[in-house]
Every structure is written in structure tokens, then in C-alpha cells.
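Accompanying notes for the structure given below.
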């Protein structure tokens, strides 16, 4: 029996061959040699050796060689002089031919795989050159045109943000100034309203005084009328009394004429009349003077109140006009303030939207830059992996070259002619017991490489009997 040990390689792992993956940082090589020796109990003993080579990373490509060794003699064995049966030689030739046919088929498969491998290596080298060119372009040019466009757009966005910030600050200053003007106008309006209230209260007091003066004038007019009526009544009464006195005087005069000895009453009546006339004139003069003084006082008070009322009306009209103008101005300022606040809100909303758009653009550009960096890092990792694979494939190519050279040298050896073999008969009874078990020698060689350098190499020998 023979054993073939096959390990998975990076080539099969990369290009679809069977096997499992290994670490990319280190490689291990295994060399397994299996040797079998068969004892046939005669002078002819075929020996078959199989060698398997596994290269990094864990790949295995096997070739096997078969040789037929003839031993003319065995120590302690006596050979017969007769010819051996050629059926054994025919069987050996058939096995040898089958082995050669299988080896040719395997060699053809290996050649096909090797050609595919070379094509893939060339393709990978072209891809590697493209990646190297891109990497050199990225490293050599520094900032690409896309980066310049991004930076230019970022500068433009920053300039717009600064301009909007300045506009916002200017609008806020204007708003503060307008707020101060509005506060000052409100204070002035409050003062004008207070003055208006004071003027209205003064006007109300003046109206009260005018009403009182009017009532006093009416009262005085009624008093004057009553006094005039009283004067007329007194005058009429006085006239009647005078007439009565005159009538009495006439009667008395007649009696006096008739009676001379009676006292003179005319003088007494005249004195009484003079006294009454003086009293009436005095009362009339005092009443007229009091009436004139009262009328003059009331006229002066009425004129004074009329002047104050007219002045109060003028001031009230002036205050009303001022209040109306201030109200219109306040309404205009309110409208201006509302429009400015609306514009400021719109500008703030636009600024917030533009700032959000700028932030989104900045985030998108940063994401694109990060993606480009990650893609560059991925290309670098792929490039490093390809370098590792290339080194491993170079090692496998060198191994294949050695195997092919060994196979070519083996094929070039002359084959023995089994038909001319003459074997002597061996007395098996007198021969010592020969071990019919096959001997297998297993050589395990472990080579660990990292970045193309051998860092560890171990060999193990195992001898087994079957």
C-alpha cells in the first residue's frame, strides 16, 4: 500500500482548488516521502517511492515516480540457474505502463493547471501594475481634482456661511436699533398720553368752572332781573306814594288855605319826600353799582374761562393731532418691525436650511473621503495580499520547475529490458525467512516563512512496517 499526503495551497485557495485557507502572514511547507519495499521471495524486488511536496501557503502538488530495481542476489539466498517465469515481468511491465500513463495524464493536468496558473499570474501582475499605477498617482499627485473641487466647494460654502452670519448680525443690530426706537417712541407716547390725560382733566376742571360760572351768571342774571323788578316795583310804589302824598298835600293845602292857623305840612312832606328820594336814589345807585361790579366780574371770569377753554381746546386738538400722528407712526413702525421680524425669521429659516444642507454636504463629502480612504486601504491590503500570493506562487513555480526538471531527468533514464532477465531458482526451504512486510519511511519537513523569509524549518522521520 502507498500513502499520498496532499495539503491545500494558496493557489487552490485563490483559484478554486480544494483545500482550506491558511494565515496570510506565514507559510508552511511540508515534504512527505513515503518509501515502500516489497519482498517477493525471489531475486526480483520492485520498489516504489512516492514524494509529495507542499508549498506555502499550505498548497500541495504531487508527483510520483516509480522505478524498478532489480536485485541480482539476496544475502543468504541461493538462486536457481533456471529461467524465471516471464508472467511476473509482464505484470511488472503492465504496471509500469499504467503508471507511466497515469503519470502522463497527471503531468498533462499539471501542465494545464500550470498554464492556467501562469495566465492568472500574468493577469494578477497586470492588475498589480494597475493598482501600483493608481497608488503612485494617488501618492504622487497629492490632492486630486476631486479633492480640489471639494475644497473649493467647502470654501464657497464657508464664505456663504460667513456672509449669512454677517447679514444675520447686521439684521440683529438693525432689529435692536428698531427695538430701541420703538421703546423710545412708546415712552414718548406714554408721556403724551399722560399729558393728554392731564389736559383732559384740566379741561374737565375748566368745563366745571365754566359750568359753575354759567350757573353763577344765570343766578346773577336772575338776581338782576329780580332786583330790576324790585326796583320797578319800588319805583311804582314810590310813585304811588308820591301821588298819594301829593293828593294829601293838595287836600291839606286846601285845608291850610282854609285854616291859616294850622301848622305848615308842606315843608314836612317835602322833607319826607326828599328823604325817600335820597334813600331810593342811594339804593338804586348801590344796586346798579353792585350789579355792574358783579356783571364785570362775571364777564371777566367768563372771558377768562373762555380763553382757558379755547386754549384747552387748542391744546386738546394739538394733542389729538400728535396722538394721531404718533399712532400712525407707531403703526408704521409696528408694520416695519413685523416685516423685519418676518424677514429675519425667513432668513433664519433659510440659514438653518442652508446650514443643514451644508452640513449634509460636508458629511457626505467626509463620508466620500472616508470611503476613498477605506478603498485605498483596501487596495493596499489587496496589493499586500497579492504580493504575498505572488511570493507564494513564485515559490511554487520554483518548486514546479525543480519537479519538472527532476521528471525530465527521470524520463531521460534508460528502461531495463525485463525479457532478458535470467534468474536462478532459489531453494526457498533453505532460505532464511525474509520479511514480507513493506517498509514505509515517512519524512515530514515543516518550513515556516513570513514575508518571503524562512523563519522556522523542522524535519521528522517516521518508519512504519506493514
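Any Cβ shown, glycine's included, is placed from N, Cα and C.
Over in Swiss-Prot, the protein carries these features:
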- 1-13: compositional bias 'Low complexity' (COMPBIAS)
- 2: N-acetylserine (MOD_RES)
- 21-32: compositional bias 'Low complexity' (COMPBIAS)
- 42: phosphoserine (MOD_RES)
- 55: phosphoserine (MOD_RES)
- 61: phosphotyrosine (MOD_RES)
- 72: phosphoserine (MOD_RES)
- 73: phosphoserine (MOD_RES)
- 96-131: region 'Coil 1A' (REGION)
- 104: SUMO2 cross-link (CROSSLNK)
- 120: N6-acetyllysine (MOD_RES)
- 120: SUMO2 cross-link (CROSSLNK)
- 129: SUMO2 cross-link (CROSSLNK)
- 139: SUMO2 cross-link (CROSSLNK)
- 154-245: region 'Coil 1B' (REGION)
- 188: N6-succinyllysine (MOD_RES)
- 223: SUMO2 cross-link (CROSSLNK)
- 235: N6-acetyllysine (MOD_RES)
- 246-268: region 'Linker 12' (REGION)
- 262: SUMO2 cross-link (CROSSLNK)
- 294: SUMO2 cross-link (CROSSLNK)
- 313: SUMO2 cross-link (CROSSLNK)
- 326-329: motif '[IL]-x-C-x-x-[DE] motif' (MOTIF)
- 351: site 'Stutter' (SITE)
- 373: SUMO2 cross-link (CROSSLNK)
- 408-466: region 'Tail' (REGION)
- 419: phosphoserine (MOD_RES)
- 439: SUMO2 cross-link (CROSSLNK)
- 445: SUMO2 cross-link (CROSSLNK)
- 446: phosphothreonine (MOD_RES)
- 458: phosphothreonine (MOD_RES)
> Given residue 458 (phosphothreonine) and residue 139 (SUMO2 cross-link), what distance in Å do their CA atoms have, once rounded to a whole number?
Replying inline: 42
> Which of the recorded positions 104, 223, 235, 313 has its Cα nearest to the Cα of residue 351 (site 'Stutter')?
Replying inline: 313
> Roughly how many angstrom lie between the C-alpha atoms of residue 139 (SUMO2 cross-link) and residue 223 (SUMO2 cross-link)?
Replying inline: 122
> For the region 'Linker 12' (246-268), what's the model's average pLDDT?
Replying inline: 61
> Which of the listed recorded positions (139, 188, 235, 294) has the least company, meaning the fewest other Cβ atoms within 10 Å of its Cβ?
Replying inline: 139
>> On a C-alpha basis, identify the one among 188, 223, 235, 294, 313 that is nearest to residue 120 (N6-acetyllysine); the candidates are the recorded positions.
In response: 188
> DSSP on residue 458 (phosphothreonine), three-state: which is it?
Replying inline: strand
> Can you count the other CB atoms that lie within 10 A of the CB of residue 351 (site 'Stutter')?
Replying inline: 18
